[in-house]
């Protein structure tokens with residue numbers, strides 16, 4: 001819907017996917033960006049958009065199409081046909097409730113002193129309010145509530161004192177605190193930038209005579225491009241027709257200071273992606289193995305809560321020797337517009353989305369692996385479904401440590417009071433969800449899980465790579481229910 | 001469609017309608033704004049929008065709904081229901097082709113240093129490019145191609161050095177050159193401003209304990225409000241709960257320097273509106289009378305090309321004593337989405353929209369009154385239709401002088417080369433359209449027609465109240481066909 | 001919306017328009033049918049449809065497109081493009097509330113023993129229930145609630161014993177009682193049929209090498225076709241490539257038994273149409289003249305309630321010598337989806353749709369002509385608006401006699417109890433609507449008005465050309481408000 | 001789209017899902033039917049519909065809503081709200097191209113001699129043409145091209161000589177040849193009928209005081225109903241408030257003559273469903289085990305082509321001891337409106353939908369299990385993807401025998417010439433798809449797979465339980481591509 005509740009601070013916390021492409025041979029990139037966004041759809045189902053320009057055309061002519069909904073709902077063949085241009089950026093945005101408005105859809109397209117700019121952003125700035133206020137005190141106006149507008153403003157301002165667009169991007173980035181993975185199309189350049197901690201992934205691909213900068217490698221596979229390399233945390237890369245990939249690493253930190261979001265490995269990213277050289281799938285398998293080592297239990301079957309629990313379940317099975325099997329059938333047709341059962345009705349959302357394969361679990365001791373428990377209400381329901389289908393025991397294993405702290409860098413973790421792990425022992429949680437036993441991944445296993453890459457574990461231990469903001473940056477309209485419902489959507 | 005061709009300068013030339021309302025009793029104003037916009041629909045059929053806020057609520061919360069299309073296409077009862085607030089502004093926008101995008105729909109809603117602002121604008125600035133460039137050189141970014149964004153920026157900047165929102169509006173207006181009628185909702189105020197020449201109309205109304213600022217008085221009649229007074233050219237009026245109507249006339253010029261757009265009387269405004277104290281209908285009747293005095297001809301019937309020629313035709317009939325009658329039936333169902341006949345087809349747009357009443361014209365000498373001739377192709381067709389229906393003579397009288405010059409203040413006059421009157425004598429035009437005689441309103445009659453009010457006659461004589469811009473401000477995407485097709489739409 | 005309340009008997013009372021075309025040269029007819037329907041839009045705004053086939057193609061292949069809404073809402077250029085065929089029928093349907101469903105949209109397309117058939121129908125059968133029941137007792141099933149399905153069934157059954165499609169149509173018609181004007185496309189023929197009383201109009205046109213059968217001549221003008229002749233009451237005409245127009249008059253009655261619906265002349269038909277050789281416009285002018293003769297009054301201005309009162313007002317003015325003028329401005333943008341003001345609101349539907357030209361009426365004695373008064377609520381409001389605008393006297397003249405009886409042949413007249421004229425004297429009505437005087441057209445003038453053509457005046461005098469049905473054929477879902485709202489829509 | 005190509009014989013071959021419900025307590029059933037259809041969505045994605053009536057209300061009032069698209073696209077909360085009634089039937093329809101029209105959407109709702117009837121049908125009649133022709137020779141008309149209309153006609157006719165609706169249903173069924181699973185709502189009864197061979201599944205469930213008749217048990221699980229029993233092949237069951245479940249088994253054959261469609265077990269049905277007492281999941285596990293026994297091969301990993309190959313893969317793994325694993329990530333967002341890559345583009349449909357987990361397969365000998373190969377083009381592509389991801393060997397095992405013969409009972413098998421197995425040896429096929437080895441399920445294993453239940457294996461061996469029709473009943477518009485694309489959609 002187009003109905004916008006204008007408010008400065010809602011909608012800050014987005015999980016998104018970005019995809020930029022520059023074809024030096026002048027071929028249109030819109031349809032390839034479409035398939036790229038399609039591969040990144042799991043990173044955002046609220047809105048999407050593509051902006052393209054022709055590098056050989058009149059400088060600064062950008063054609064844009066954005067809309068609310070999934071990639072295949074928003075774009076039609078006709079629309080793609082009209083998006084002419086060999087340089088472009090695309091974006092998928094995560095559906096938070098309050099600010100789920102067309103105004104906030106990306107890419108952000110703008111005119112500034114040097115022409116036009118299209119910008120797509122994944123992440124969350126912790127000093128966005130501060131930066132907004134500073135800008136407002138010099139007369140700036142804001143038409144959206146997304147961080148990208150703040151970033152764009154800074155790029156426009158820095159451009160006045162910079163020799164190049166990439167310099168302006170880098171100077172602007174130096175003012176940003178928080179998580180960002182940016183793709184920018186300036187009239188003749190494709191620029192990518194990643195925050196110095198590397199919270200959010202960003203990588204470079206190549207296909208024939210074109211380059212791609214995108215959030216995950218699965219988007220490269222989907223379009224048949226080869227992976228070139230990851231963008232380094234803190235790096236600004238610039239793709240030009242003449243220079244190929246140019247790199248500015250002046251913002252990079254010593255490697256040990258980097259702090260990737262470990263939840264990208266645990267849940268966000270697609271298992272077939274590689275982030276900073278590590279297979280997401282492999283790290284999940286490893287998490288399952290650690291669980292088998294650290295929380296062993298006798299059982300007849302290991303199964304995953306689809307889809308995100310499957311890889312860890314396989315790892316647990318490999319390590320423990322307990323057979324892996326499918327215990328659930330997920331209804332793949334549950335989509336954005338699914339009508340949720342009313343409280344009063346006999347139907348339940350979980351039951352509509354998941355069904356148990358009685359044959360697979362009846363009479364068996366089942367180990368059920370999930371990637372996380374947030375409030376516990378879904379887990380509770382699923383455990384009950386397994387028992388009703390005849391499972392004699394249900395042992396729950398979670399391939400991440402308990403959530404205990406807020407995230408300031410892009411993950412929508414509910415208020416502490418709503419977290420099941422807050423102020424509760426593992427045994428208490430186990431009882432609440434009705435399991436026979438419960439085990440979480442040990443927090444010390446996380447680094448091992450990602451082969452020693454420096455990570456942010458703030459949501460588990462409250463230790464953040466930078467000073468968290470004092471005020472609550474999530475605003476009034478932050479949707480407390482979003483994380484849970486989103487999990488169900490991806491199950 | 002939402003497909004936007006981003007370009008900085010297209011879409012400048014808009015004819016629009018504005019409607020702002022502030023209900024001191026706290027009643028919702030959205031549905032009344034809806035009916036107000038409905039009465040102003042003839043001023044713009046491209047897009048429309050409403051933005052409202054609650055003056056008793058948290059400062060700066062604005063709810064907005066905008067869309068492409070007519071008022072009754074864009075808004076639903078549900079949408080109106082959701083637009084809660086007792087202070088609001090609405091806008092209808094004229095359909096130019098190039099920049100007919102949702103991004104450019106108004107009202108423009110923004111956050112700035114003092115909170116939020118909603119702004120609706122009718123008119124055309126001739127220094128918009130200049131102002132944009134100046135702003136860009138200080139780091140501004142632009143997300144639309146409408147003048148309103150430039151105005152909003154200036155208000156935001158001036159607010160830093162102003163004691164009040166209205167002072168900021170006035171200071172911003174002092175930088176603007178051209179035509180503007182503005183309505184602004186700041187959190188607790190409704191502000192209206194009209195350019196010093198008074199090109200575009202703006203008036204104040206009152207209903208119970210609420211005030212309205214709007215483009216035409218017909219909108220006041222429609223909602224059952226009483227007319228209070230016109231906003232004076234150059235005046236900034238501020239409606240507050242405590243102060244009622246406050247006025248700042250510091251920008252006003254001596255009355256003789258004012259320059260109302262005479263085309264508002266001739267064609268734009270609804271006949272039931274009064275502009276600056278003068279009935280539009282009465283001025284058209286007068287134009288018809290002048291034509292009868294200055295271009296008399298013997299005939300059996302005077303008729304108007306519907307709808308805009310009817311009042312002048314009645315005036316001609318009154319003055320000449322020749323009976324007035326209806327000669328045309330207009331198909332009232334022709335709308336925005338009407339499929340135009342192909343060149344190759346046997347059908348023609350004019351014929352689909354108009355039919356002649358044979359009984360009314362057969363065997364008669366007909367005087368056909370129209371408000372203007374732009375390219376002449378429609379007139380040509382209509383004259384032929386009258387003859388085919390049996391009219392023995394067709395005398396065309398036009399209730400305005402010939403178009404010869406561009407307009408820089410909001411009227412979409414085509415390139416001179418396309419104007420039928422350019423480089424042609426009246427006789428030549430008469431021959432082209434196939435009439436037996438042709439008469440235009442004498443340019444000297446215009447002032448008489450509006451009872452001596454100072455007017456701009458630039459499109460007729462090339463004399464403008466201010467220096468016209470040197471560059472062509474209409475950009476590449478200006479739709480050359482728009483004026484003609486629009487006329488047909490309103491016939 | 002597509003939500004259908006299935007009920008056998010709702011939606012019987014339709015006013016519709018039909019348009020059939022056969023191009024012998026093989027050109028596609030869909031876009032011409034589109035413009036034809038467009039000209040007939042005033043006969044039905046609920047739904048519309050086009051069905052076409054190629055006479056040179058595989059026998060019985062029909063392509064259809066139907067939808068809820070106006071012609072220009074339902075059809076797109078793409079849709080018309082896909083409708084390939086040189087023989088076709090189109091239909092516009094009047095918006096009754098209950099059965100305003102897509103299922104009931106026409107043309108009805110069906111397969112039967114001889115292939116396919118497309119059928120469009122205007123009118124109302126009084127023995128439809130009876131015929132349905134008879135068919136059901138032989139095992140028929142009904143998927144719609146429109147009479148056309150009953151007619152189609154009978155054509156299909158009669159086809160078994162007929163030598164040709166036209167014979168089957170004629171045999172089927174012999175079973176029908178009531179009003180019908182039919183257009184049928186059988187694989188290689190275009191067939192038209194009109195009931196023996198001639199309630200509903202039907203005429204034949206020609207353009208190049210193609211023939212048209214349609215409801216009103218205005219549709220012929222619109223597409224540039226010439227009028228050939230009216231279909232005679234009771235006649236079945238068949239257009240074939242080889243035979244041109246063939247005629248079966250075996251059902252025709254002696255001319256004096258015919259009974260055209262006089263309301264087609266008074267209100268339904270477009271003024272630029274001719275029905276059975278008589279100009280609708282001329283008959284309305286005449287009605288106005290009669291009113292001036294029979295109900296004279298001293299006044300300064302004669303005006304019509306737009307649009308349908310205008311011609312009679314002009315006639316009154318011609319006869320009386322009192323000047324004709326425009327007193328109202330009608331908002332032409334009021335459409336199907338217009339949101340009606342709530343009872344509680346300060347706005348009123350009438351005021352939103354009509355405004356008075358104060359200059360035209362202030363200080364004047366006004367004669368206001370309308371075509372009919374149903375409940376009187378609108379008249380009441382309009383009279384008050386005239387007074388508020390300064391009219392010193394308001395004399396109402398109605399160009400038809402008072403409604404007193406139901407119509408069984410296609411006109412939606414409300415229950416008697418709701419008719420303002422029921423059980424009231426003219427003086428009482430005059431008082432209710434607040435007029436200074438009131439005059440109706442004398443019922444004896446009707447025949448004069450139509451130059452002596454035999455007409456049905458049942459709604460005025462309760463005398464019908466055939467025995468009316470005993471049961472109420474209008475069903476439960478008949479929308480009592482429809483007539484009034486529809487009038488307003490066409491004002 | 002609503003554009004209908006009317007043709008008598010297209011669209012016959014449907015795979016569909018049906019769901020009927022009768023709540024004796026008078027509660028509305030529409031929202032439960034919605035969730036039921038949702039669980040059956042895999043059986044048809046083209047169109048869907050719900051028809052309901054109130055058994056306590058006026059007899060024969062049915063409210064219907066149908067539309068093109070998925071259940072969650074067609075229905076909104078408002079729509080469900082409007083569907084008032086405690087007795088209803090719902091339907092999902094499979095997307096064939098030619099006749100994918102709104103006219104053909106089910107349930108079919110009709111009036112007949114005894115009131116109204118709503119009917120939903122899954123299956124395919126082989127004597128539908130014959131029955132249509134017979135009906136046409138007695139004057140019947142057809143407005144759709146679906147078998148349901150033929151069935152409805154026969155029910156209506158038989159009702160004339162029957163004591164009850166269920167008797168009419170049974171008498172009508174006796175004329176039908178082919179596959180059918182019917183649910184019928186007559187004003188006070190819910191009737192289910194299954195053809196004597198039992199091609200299509202149909203079962204009965206119960207929840208509180210309501211009964212359900214539906215295609216698959218997974219729909220019962222989803223709404224929290226308990227499974228009562230299957231409808232027997234040839235049985236007509238009638239649910240009434242007073243009688244509960246009544247059964248008419250007069251059409252039943254000796255059990256050994258039954259002929260269930262084995263492809264329901266192999267592919268069509270959801271794995272969590274039970275058909276005639278047998279778990280679909282269990283039968284697929286078994287198929288995998290048989291493959292391991294009959295076509296063993298040394299390897300490191302067994303994997304399924306998602307989703308339909310997974311269960312057989314698990315069975316293969318269990319039997320062989322070779323580890324099971326996930327090798328593919330499927331993009332769950334591929335939907336109906338997905339834009340297929342152009343032939344010329346670098347992207348491929350398969351690659352957009354599937355990606356390989358390199359870590360899972362690199363350096364491994366992989367056994368890839370799929371449920372069937374139709375043309376082989378998809379298999380070819382997937383095998384190549386596995387190799388590119390580093391699989392050293394790729395052994396393909398298919399959990400069904402090779403397709404060699406047409407199906408006349410509801411499965412869209414392409415022309416023989418397009419079947420990869422037609423006129424080719426297994427080795428030849430293996431080479432074409434590029435596998436290292438290929439094994440199909442032996443046809444003799446099928447009966448074992450379903451625990452000896454009598455099945456139809458016609459598509460594998462050309463032996464059908466009844467004489468197949470002589471003419472090609474699939475018509476001109478049968479979409480040759482449908483089976484393949486549909487498989488991909490469900491992957």
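Keep in mind that glycine also has a Cβ here, set from the backbone N, Cα and C atoms.
For residue D:16 (active site, nucleophile), the number of other Cβ atoms no farther than 10 Å from its own Cβ, over all displayed protein chains, is 26. What TrEMBL lists as active site, nucleophile is D:16.
Per TrEMBL, domain 'Glutamine amidotransferase type-2' is recorded for D:16-242.
Annotation for residue D:407 ([4Fe-4S] cluster binding site): same-chain Cβ neighbours under 8 Å, separated by at least 6 residues, are D:413, D:458, D:459. The [4Fe-4S] cluster binding site annotation in TrEMBL covers D:261, D:407, D:456, D:459.
Spatially close to residue D:371 (Mg(2+) binding site) yet at least six residues away along the chain are D:266, D:267, D:305, D:308, D:309, D:312, D:398, D:399, D:400, judged by Cβ distances under 8 angstroms. The feature Mg(2+) binding site is assigned by TrEMBL to D:308, D:370, D:371.
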Quick one: pull the CA-CA distance for residue D:261 ([4Fe-4S] cluster binding site) versus residue D:16 (active site, nucleophile), whole Å only. 14
Determine, for the [4Fe-4S] cluster site, the additional residues of the same chain whose CB lies within 8 Å of the mean position of the CB atoms of D:261, D:407, D:456, D:459; present them in sequence order. D:199, D:262, D:263, D:409, D:410, D:411, D:457, D:458, D:464
Which residues, sitting 6 or more apart from residue D:370 (Mg(2+) binding site) on the same chain, put a CB under 8 Å from its CB? D:304, D:305, D:308, D:309, D:379, D:396, D:397, D:398, D:399
Have a look around residue D:308 (Mg(2+) binding site) and count the other CB atoms within 10 A of its CB, chains all included. 22
Residues near residue D:456 ([4Fe-4S] cluster binding site) by Cβ (under 8 Å) yet at least 6 apart in sequence within the same chain, in sequence order, are D:197, D:199, D:259, D:260, D:261, D:262, D:409, D:464, D:465
DSSP secondary structure for residue D:459 ([4Fe-4S] cluster binding site), reduced to helix/strand/coil, please. helix
Where residue D:16 (active site, nucleophile) falls in three-state DSSP terms: strand
Cβ neighbours of residue D:459 ([4Fe-4S] cluster binding site) where a neighbour is any other Cβ within 10 Å: 24
